[in-house]
Amino acid sequence: FQRPRKVGAKYTGMNIAPDEHVQPQLMFDYDGKRDRWNGYNPEEHMKIVEEYSKVDLAKRTLKAQKLQEELASGKLEQVNSPRHQWGEEEPNSQTERDHNSEDEDEDKYADDIDMPGQNFDSKRRITVRNLRIREDIAKYLRNLDPNSAYYDPKTRAMRENPYANTGKNPDEVGYAGDNFVRYTGDTISMAQTQLFAWEAYDKGSEVHLQADPTKLELLYKSFKVKKEDFKAQQKESILEKYGGQEHLDAPPAELLLAQTEDYVEYSRHGTVIKGQEKAIACSKYEEDVKINNHTCIWGSYWKEGKWGYKCCHSFVKYSYCTGEAGKEIANTEASLLEEQPSEEEHMTKPKTLMEIHQEKQKEKKKKKHKKSSNSDSEGEEKKKQEKLKK
């Protein structure tokens, strides 16, 4: 604001100004409207440089006064040198190393300071934000594709996952973006609890996450238990009324159709080039568990309809392994069993009357056949003898 003039402009006709300050009409594009340095004048930086130069000069004059006072009081020995006329000392003297340490450049000792937030000293002017450990890979070097996650150089932030379009799982990579941290740990449960607090407050319950977290946590746990019980009761009532439990117990579509949407590409040798190899189906039983000194599992040996251990040829489950001795014993027992007559030969079953009659008929037929064959042979011999006589 300016003070009102003694004589108004409408009477003098000089320096007629508008009633209100007219803003300039600026036409910026998309990037121009979001430029952080829009409207900044680089010449204003010279004011900061001049201010710092004045502060530096004041420090030098103050130091010179302190040196003069110390020389006058006799604390320091005066040396006949032209440097002492201006309050300075020889560079090789001990006093130079003691009093000139404050004037040294503090930035070149930045590697010796503590990590940000660990040790704070008001005398140090070094302020570092988001200091990256030098051994770590820079965020903008993780994926050089220009269409990948955006890196903000001002805040050193990369919110999206740089490996999003590479097919890598976010759990396997070392860095998955700044937003990945927001959805890990207790962050999701905290957000759910806050949402429940807002909904409960709207319905009349006076709960607050920061004011009374214990009461809210107990209320939220009881709410989840009641909600699950209500869903289970609702599901049971619908199944009792309409049925259809057999459809809920059906296996998944991957097992029924043996088809999935997972793309896997193989080479000519059978190795996987792209995609994830099919996982081996796991059994509900323990696999490759060897007990009682066995070197093979139960079921690795089969003979004559019996399962056993291959290492000792034992057919008794949970038996102790006997090794090669057990194999020799099993082989000798098998050979002895083959030499002994079978039980069927010793144990003759009683025959029925029908079987006895059939056996008699067979014997009679055999006898008749023998008699006929003998008579035929005798007639042929007689004929041969008659021929020989003739």
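Every residue, even glycine, has its Cβ placed from backbone N, Cα and C.
Because TrEMBL annotations are produced automatically, they should be read as predictions rather than curated entries.
Look at TrEMBL and you will find 29-300 tagged as domain 'Pre-mRNA-splicing factor SLU7'. Model confidence over the domain 'Pre-mRNA-splicing factor SLU7' (29-300) is summarised by a mean pLDDT of 79.
The region 'Disordered' annotation in TrEMBL covers 71-120 (among others).
Positions annotated as compositional bias 'Acidic residues' by TrEMBL: 101-114.
Among the features that TrEMBL reports, region 'Disordered' is placed at 336-390 (among others).
Among the features that TrEMBL reports, compositional bias 'Basic residues' is placed at 363-372. Assigned with DSSP, the residues of the compositional bias 'Basic residues' (363-372) fall into helix, strand and coil as follows: 10 helix, 0 strand, 0 coil.
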